[in-house]
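**Student:** A single structure is presented below for examination.
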């Protein structure tokens, strides 16, 4: 029989972590006996006993707050350790990164502008047709969802607002009926930064913060509409308030409104595409001739000449004055002012001589602009991650996120609101500003609590831009455009009064964090949320509104009552569960698919796995997955406790001899489809 192998003196790394106090006391009391026993056992070839470390493994570690701003550590060489040449190189690198960041931001803003033009080419005429149905627009709920749909289709609240102003000035729509459409346009404009947040889905925690920072705008707009639309329908306070303001001033049309950002971006975007937005306005105002016109602008420099000419008129048409009419045989002549347009020079964009239809050009620009948008955003995030490290990141985060000392703590939020309004006024677009701060929220430079007042300030800033644009309107549309712009302004101010001054009423922060946690665990839910809130739900309500008030109320009221009841029960389950009946203290009495996303996630993952197996080379993906699972198993194996070293050696040898298990899916995993 082979002798037992000699066992060396145990090393400290045979134990996991530090010994517990109980083991230390035992070692103190029996130190000499223990050493003697170890020596004798070693001589006899017996196995040493191991201390139990179960208590160490069972110790619960404090959970990290997923919403805490990460510390961006500077992994490079410190400035003080660099020589003269190294410092010069680092300064040059910093200047180069800053110039690159400005260039990427410029391309990012230009891609947003071209994206808006692409959406107008794809759905602009359809948006104009939607506005033609006067009977539907008189319904405030239908007007609300029409405002959402049209703004999503044209990707610009200013474009939808200009359509509304044209319809009001043409007496096709009253100002009071236009107010719900303005509220819907306020919701639709927040879809852009929600799309931008999807680009950060690669990192789970970044996506959690970025999507919450983007959807905080959505929740504020939806809550403001739910609270203020019924009040406006019943009292008409926005209409009466703005009417008093407009009537109290003697208004005259002024110069064009300042377009600070357009001066920088137009030289580039006009080389890509230029649109004739008057075509959409003409379609909305029932101009049948505009349906056959293209939105693509061909002639950029034209001149109109009005001349007095002799023209023939039908005999049945009465002359305005006998002095200007005469007859020659069966032909009646009269004098009329004829406007002739002289085309001087064509535009310089790449589609000026194209024979493609508007839809094809729009789809091409949509794909290219989304590609440039995603590429710029990814590079901006990576560049910011490389720049905002160490002391620079801490200074920026303290400057943006730190509150003033008591009793002026409340002042920091309002200053952030003013900063958001000012920046939006400079860039002339709330979508551009909120889309720009979304990646900053994702990488942890701006907190969710601070992005909320910045977003509210952006809402105010875009309305001040609309007011300035209204003051520059022609005299025929000045009153209506200014009143609609003021309605937009006071609507946002009313929403801020409801959902910001008191911390308890800042519901959008809590709602966006809840949605951020959900989308971080199930990333496909972000796309589902985007489709439902901005497309499917408005389309459903619009279709029901076409059937009349009775059908709309009969379908929507039960669902609204059910939704409110579920929200109330959820709140009570968290705050006061004992006040509810025992069955309602949780949702376990319902099927799992009705109160959990886990079954839906399994279905989506299975569908994508099936698609990948037959379409995308699933074997390679499965191999990578098996390697990842093997790495996890090896990591977990190091945490296990064995009673002797020989058992550990046998386990390792057995693990090496075990055949590799390929492509075993774990059904209980929480990994998401994306």
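Keep in mind that glycine also has a Cβ here, set from the backbone N, Cα and C atoms.
According to TrEMBL, the record shows the following:
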type	residues	note
COMPBIAS	1-11	compositional bias 'Basic and acidic residues'
REGION	1-43	region 'Disordered'
COMPBIAS	12-26	compositional bias 'Polar residues'
TRANSMEM	91-115	transmembrane segment
TRANSMEM	136-157	transmembrane segment
TRANSMEM	177-198	transmembrane segment
TRANSMEM	219-239	transmembrane segment
TRANSMEM	359-384	transmembrane segment
TRANSMEM	404-426	transmembrane segment
TRANSMEM	432-449	transmembrane segment
TRANSMEM	456-474	transmembrane segment
TRANSMEM	480-502	transmembrane segment
TRANSMEM	522-543	transmembrane segment
TRANSMEM	549-571	transmembrane segment
**Student:** Counting only residues 6 or more past its boundaries, what in the same chain has a CB within less than 8 Å of a CB in the transmembrane segment (136-157)?
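**Tutor:** Sequence-distant neighbours of the transmembrane segment (136-157): 115-116, 119-120, 122-124, 126-127, 130, 163, 173, 177-178, 180-189, 191-192, 225, 229, 232-233, 280, 430-431, 462, 534-535, 537-539, 541-542, 545-546, 549, 552, 556.
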**Student:** By Cβ distance under 8 Å, which residues at least 6 away from the ends of the transmembrane segment (219-239) in the same chain are close to it?
**Tutor:** 140, 144, 175-176, 179-180, 183-184, 186-187, 190, 452, 455-456, 459, 487, 490-492, 494-495, 498-499, 507-508, 511-512, 533
**Student:** Mark yes when the transmembrane segment (522-543) and the transmembrane segment (91-115) have three or more Cβ pairs under 8 Å (sequence separation 6 or more) and no when they do not.
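**Tutor:** Not in contact, no.
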**Student:** Out of 177-198, 359-384, 432-449, 480-502, 549-571, what stretch is closest in contact terms to the transmembrane segment (522-543), meaning most Cβ pairs under 8 angstroms?
**Tutor:** 177-198
**Student:** Let me spell it out: take the transmembrane segment (480-502), skip the flanking residues so only those 6+ beyond its ends count, and list any with a Cβ under 8 Å from a Cβ in it.
**Tutor:** 161, 164-165, 168-169, 175, 178-179, 182-183, 185-186, 220-221, 223-224, 227-228, 238-239, 241-243, 245-246, 251, 413, 417, 452-453, 456, 459-460, 463-464, 466-467, 469-471, 473, 508
**Student:** Is the transmembrane segment (359-384) packed against any residues at least 6 beyond its ends, judged by a Cβ distance under 8 Å, and which are they?
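**Tutor:** Non-local partners: 97, 100-101, 104-105, 107-108, 110-112, 114-115, 117-122, 196, 199-200, 206, 272-273, 296, 351, 439-440, 442-443, 445.
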